[in-house]
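Okay, so here's the structure we're looking at.
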Amino acid sequence: MFLTYPITSPIFLFLTYPNPLQDNPAYSVVKQYFVHDDDTVPQKVYFESDEVNACIVTCGGLCPGLNTVIREIVCGLNYMYGVKRVLGIDGGYRGFYAKNTIALTPKSVNDIHKRGGTVLGTSRGGHDTSKIVDSIQDRGINQVYIIGGDGTQKGASVIFEEIRRRGLKVAVVGIPKTIDNDIPIIDKSFGFDTAVEEAQRAINAAHVESESIENGIGFVKLMGRYSGFIAMHATLASRDVDCCLIPESPFYLEGPGGLFEYIEKRLKENGHMVIVAAEGAGQELLSDSMHSMAKEDASGNKLLKDVGLWISQKIKDHFAKQNRMTINLKYIDPTYMIRAIPSIASDNVYCTLLAQSSVHGAMAGYTGITVGLVNGRHSYIPFHRITEKRNKVVITDRMWARLLSSTNQPSFLSAKDVIEDKKEEEPPLQLLDDEVCSGDNNLVNKQN
Ligand SMILES: Nc1ncnc2c1ncn2[C@@H]1O[C@H](COP(=O)(O)OP(=O)(O)OP(=O)(O)O)[C@@H](O)[C@H]1O
Ligand SMILES: O=P(O)(O)OC[C@H]1O[C@](O)(CO)[C@@H](O)[C@@H]1O
Ligand SMILES: [Mg+2]
């Protein structure tokens, strides 16, 4: 099991002051809030309030809850620690050296959590480590809050290394953001639940459309570049989906056990069906002719071909050619709609806790860390643990099996695939009563 709290690089904890929160009415009543390094609010802080000069930057794609995190960092610093100087960096990493900063106060951020997007703007590319650290140094910034996905956390890690190399007393704290939920170690990324919730509206529309016409097929494309979590959870939540395609699960169209055969069967049984595909699904099947001119975005992420349009056309061509049945396919692409909205209540709570955790960590002098929930505990995780791999749906895990049994779709796996995959499985967990249990990674030993 991953032990988490706190695994950090406490590079400058030798000088500390009493935490001003001990005089804060919200915290002072409950003495056990104040603990040593192994829990939530430190007794000692590294920074005195009036010496803090913080900045916040948002990078990568949009995600519901970005504004909530920004708001709660500003308010947390101000209300909990009396920090007055917080700068917003305009437009992602390049904003450190190419643009002006925005002064952030509790008043100026008061309502921003009700809006989608990020009030600071965002960008891909433009990470120039030495220019960024020059800017941090020139502006006298000593706390850097960096909100973004896997690429952003890699960028934060090199900024942290350069700051350390220059011997600067600057805390660098990452807050992980991605609707794809592809960041490892943490239980879930903020905005994910909102994205899944919003995806329901598209799936519902696809269902209504498809069941209203003969042999109707509703096809919904959702985000998920390398990881199909949004598609998987949206499918499980909806129950109207007959087939879910994700990048982790290869599939094929023609022949026995293929998608076309399943579609025909489903239409004969039910008269309509809904298919959900994550944007990264089946990329290996798409022809090179669908390549755009650019192969990568400004951050070096591979640009994907449009799997939704491609499969839709293939389905239409197949049934037209076979002349076996007339189908009516409606294609819905809500891609940007699921991430450009404000966060739902549960994500707002999560964002608030992450922001407060990041503020407590930075004030305590922790640096080179990303904050996150790990097995239900708020944790400080060293950057390298977050950036070394990507969180993906494991198709031999129980969650994917649950999906397959809920949709009844084919697994698209041959017996040989299953056997080969099984060889790589971890040894099963041993239970106290000698039962053997395999499956979800989160299972704990049974006590009674
Ligand atoms: N290996 C890296 N080293 C330094 N900077 C990086 C690295 N990878 C990405 N970045 C920078 O991080 C920023 C965001 O990266 P990217 O566009 O990949 O989004 P992300 O943070 O992964 O978010 P998402 O993929 O969820 O949209 C960009 O400004 C990019 O230049
Ligand atoms: O079109 P953009 O803004 O570069 O972002 C698209 C990508 O961003 C993500 O939403 C991740 O943030 C992916 O799911 C998607 O492929
Ligand atoms: Mg990314």
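The backbone N, Cα and C atoms fix where each Cβ goes, glycine too.
According to TrEMBL, the protein has these features:
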| type | residues | note |
| --- | --- | --- |
| DOMAIN | 54-360 | domain 'Phosphofructokinase' |
| BINDING | Thr178, Ile179, Asp180, Met223, Gly224, Arg225, Glu279, Tyr336, Met337, Ile338, Arg339 | substrate binding site |
| ACT_SITE | Asp180 | active site, proton acceptor |
| REGION | 424-448 | region 'Disordered' |
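When secondary structure is read from DSSP and collapsed to three states, Asp180 (substrate binding site) falls in the coil class. The least crowded of the binding-site residues Asp180, Glu279, judged by other CB atoms within 10 A of its own CB, is Glu279. Non-local contacts of Thr178 (substrate binding site) by the CB criterion (under 8 A, 6+ apart in sequence, same chain) comprise Gly60, Gly61, Cys63, Gly149, Asp150, Ser189, Gly191, Phe192.
Comparing Cβ neighbour counts within 10 Å across the binding-site residues Gly224, Met337, Arg339, the minimum falls on Met337. Secondary structure from DSSP puts Glu279 (substrate binding site) in coil. Within the set of binding-site residues Thr178, Gly224, Glu279, Met337, Arg339, Thr178 have a CB atom less than 6 Å from some atom of ligand 1. Spread of the substrate binding residues is 16 Å (greatest Cα-Cα distance among Thr178, Ile179, Asp180, Met223, Gly224, Arg225, Glu279, Tyr336, Met337, Ile338, Arg339).
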